[in-house]
Amino acid sequence: MDEYIVEGEGVPDNVLLSELSEDALFGNVTLRYEVDRIYTFTGEVCISMNPFRRIPGLEDTPEHMSKYVGRYPYENPPHPYSVGDTAYQNMLNTKKNQAILISGESGAGKTEAAKTVLRYISFATPTSKAKDMEKIKDQLLDSNPILEAFGNAKTIRNDNSSRFGKYMKISFNAANFPVGGSINVYLLEKSRVVTRAMDERSFHIFYNLLAGADDGLLSSLQLQRDPSAYKLLALSNCYTVNTINDKSDFAAVQAAMRTLEFPADVQQALWRYVSAVLHLGQVEFTASGDSAVVANENEVAIAAQLLNTDKAVLTKALLNRTVEAQGQSIVKPLDAATAVYARDSLCKTLYERCFLQVVRQINHTIENKTISGKEEVQIGLLDIYGFEVFEKNSFEQMMINYTNEKLQQVFIELTLKQEQEEYEREGIEWTPIQYFNNKVICDLIEAKPKGIIAFMDEACLMNKTEDVFLKSLGDNFRSHEHFEDFDKKKDKAIGKLDFRLKHYAGDVIYDMTGCLDKNTDQLFRDLTRALNASSDAPLKEMFPVSNETKKRPETAGAQFRRSVNELIDMLMACSPHYIRCIKPNANKRPDELDEELCRHQIRYLGLLENVRVRRAGFAYRNEYKRFQSRYKMIGAQSWPSFRGGDDKAATEYLVRDEMGITSDLYRLGEKKGFL
Ligand SMILES: Nc1ncnc2c1ncn2[C@@H]1O[C@H](COP(=O)(O)OP(=O)(O)O)[C@@H](O)[C@H]1O
Ligand SMILES: [Mg+2]
């Protein structure tokens, strides 16, 4: 404990701050950041400031990691290892699933923190002599480079930004050995394949493949090295990134695919699909009357060849749409603009399904195949995009920010509310803490039938335009506290197709231009059929044709709402642990602190609420039975067993007489003592 608090380095736990305020919290974490203490606890929540450089002594070495194994958090400098260790110990003690939630803005260090915790758990948990268990740990770690290649991209904020959410689970058997894992992914930002901001890149794998594939592979895919030759890559005018070596990353992906037992034909197929996306992106259309014709048939031919489909079938599907009307199928030619839309949706969908195929393949290898799932307990790691506020925010940002609102609900429900409920249950005197419950914003977005997503679905179903959609939002929510729409006189910042949501983290203006197309997210059935007709069996499975022709496919918004709610339900059934990541500056620079940016993050990560509850409450609690059996050795009257009454009396004796804690600093509840 002496080493734990070092003069001039702030306090390792914000709960120990003498004053409770944003200033004090900001002062403490930034003071620590300046002396390379990038981690600070707030009770059990670990705050991590991204240093944007390697800090000597903080490397994930066995010596470093071993210091935390089986230790209480206060015995060591704060570190995500402690969070991993607490989760593991908790799992052993309670046999309950544990979830480690890592949140923060893009570039704040979430993925790095997740990898650190995974490395730690993999280091600290026992391994039987059996080779296969050692292998599971390696495989879990090795899934990272593959997932990052397919799911990460360079953005303005982060050279290696995850463009999907990830929940990684490690399963433990009754003997507490890791026996398998699984990965769930959420909302890949597939629009990135066909559109993105200047100076950003598409998914790493495109550039990795072009730079790293050997000449034989490249020519079999009919690709050339130069990424600028491909329209889908050229559109944002950024090909290389200082911090990324595409060539060696490709080798790393191939190596990881070997570790993860991707069969050679599966690998080959993935490269074919990725290349087909690039070739499809080359396809251009010209107008012939009202109908589109393909301007460069050779690109369709190459794509068809890579996808094992017939060129004529693919061409027809790119240029026509079959509509069902009065029991009849009518084939209508597409105009050039719609053909572009169809082509782009094929590129996006093909890439997304390719990504999902990669995830399936990884899961196939790492899931536990030996033991029945019954006695398994899991530790999960959630690494998901934090709140996103850009200059222009659209459908994607709204979905991402909606997820963060929902995660804040988990935080409120599980941390703040449970804490308060426990005091009530235990009959402990308690002044309720005021905190903002953001459920009202979640409802505004997701409620059925009157929420933003529902109105968007309705507009899509009725083939309405975006201004009609925005009008319906305005009519319904104009008086809502967290919603503001276009009003020339009141607020110039909100344009005609915009609205502002007052998120718990701050205000964001969303531009809804194009949102209905994004929400419909339709791959025309003709294209699905064309790929389903492929002689490549896995590809055929990736594009199933449903028999029901009438049923409308689920919209992107509805799909997203469903998968977010599944995630939330699952998290609600776990014991949560938190790592909150802060980005000290927007320039990815070491030793630079942007005060406003930090304060903003401290505010919306709910850190202050967290300290408030922690400080108003009691940092330590334990059941009387456990408490007295853990500490009875320190009291003459309690060793070997207490003679003055029940477990509660024993606890009071130990706390008051043996530990000398004054009565204002502890409370005795129904079943537990609080310190
Ligand atoms: N603990 C850390 N130590 C050193 N550098 C870090 C650390 N965490 C993050 N970084 C740097 O910041 C970049 C962005 O971090 P990342 O985890 O990808 O952010 P996020 O997942 O939150 O978007 C990393 O590529 C790395 O360069
Ligand atoms: Mg990330």
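Just so you know, glycine gets a Cβ as well, placed from its N, Cα and C.
These come from TrEMBL:
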BINDING   Gly104, Glu105, Ser106, Gly107, Ala108, Gly109, Lys110, Thr111  ATP binding site
DOMAIN    9-675  domain 'Myosin motor'
REGION    564-586  region 'Actin-binding'
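Secondary structure at Glu105 (ATP binding site), taken from DSSP and collapsed to helix, strand or coil, is coil. Secondary structure from DSSP puts Thr111 (ATP binding site) in a helix. The DSSP breakdown of the region 'Actin-binding' (564-586), given as helix, strand and coil counts, is 9 helix, 8 strand, 6 coil. Among the binding-site residues Gly104, Glu105, Ser106, Gly107, Ala108, Gly109, no residue is identified whose Cβ is positioned under 6 Å from ligand 2. Mean pLDDT of the predicted structure over the domain 'Myosin motor' (9-675): 90. A Cβ distance below 6 Å to any atom of ligand 1 is met, among the binding-site residues Gly104, Glu105, Gly109, Thr111, by Gly104, Gly109, Thr111. Note on Thr111 (ATP binding site): other Cβ atoms within 10 Å of its Cβ, all shown chains, come to 21.
Neighbour density for Ser106 (ATP binding site): within 10 A of its CB lie 19 other CB atoms from the protein chains shown. The Cβ of Ala108 (ATP binding site) lies under 8 Å from the Cβ of Ser48, Asn50, Gly386, Cys581, Ile582, Lys583, Gln601, each of which sits 6+ residues away along the same chain. A Cβ within 8 Å of the Cβ centre of Gly104, Glu105, Ser106, Gly107, Ala108, Gly109, Lys110, Thr111, the residues given for ATP, is found for these other residues of the same chain: Asn50, Asn158, Gly386, Cys581, Lys583.
Around the Cβ of Gly109 (ATP binding site), 24 further Cβ atoms fall within 10 Å across all displayed protein chains.
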